[in-house]
Amino acid sequence: MTTASLTWTISSWLQTRWIRTRGATILVVAGLAIIGLGTAGMVTVLIPAIPGWVGLLAWGVAGFGMGLAFSPLAHVAMELADKGKEGKATTALQLSDTLGAALGIGVAGVLVSTVGALSDSEVTGLVLTFGMATFVALLGAVLGTRVPRGSELG
């Protein structure tokens, strides 16, 4: 978690400089694609011959992607909110963030425990969990191309 926190902080700092010149769309797409790369890399840690530091690296990559994508999405949502409705936009962002995390954690827990109970190993459940996370991140990268560009914002 520490590597992801550090890389998230670094990329969050970088995106504050890049959003003006590159726009939110590219940061969201790149960030989500990088998250997908990091979560896919976590699967390799399940191979006994792979050293544990690979997991630190992969999780750091995913954290870097979070820093790139998270704030630009919030920025776009606030820019698109009607005047005087910014509070509703903030509430919607917080609710979707909380529900998304709860849903992801819940599904991951079900996958790991159910598949682990059926196969006497949590490895398959973890592969499915990281596969699901990778799929969601890459789907988000594809859908992120629809994020309005600077000229389309108010």
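Cβ atoms are placed via backbone N, Cα and C, with glycine included.
According to TrEMBL:
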type: DOMAIN; residues: 1-154; note: domain 'Major facilitator superfamily (MFS) profile'
type: TRANSMEM; residues: 24-50; note: transmembrane segment
type: TRANSMEM; residues: 56-78; note: transmembrane segment
type: TRANSMEM; residues: 99-119; note: transmembrane segment
type: TRANSMEM; residues: 125-144; note: transmembrane segment
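Remark: the transmembrane segment (99-119) makes no contact with the transmembrane segment (56-78), by the rule of 3 or more CB pairs under 8 A. Residues 11, 15, 18, 57-70, 72-73, 75-76, 123, 126-127, 130-131, 133-134, 137-138, 140-141, 144-145, 147-150 of the same chain sit 6 or more residues outside the transmembrane segment (24-50) yet have a Cβ under 8 Å from a Cβ within it.
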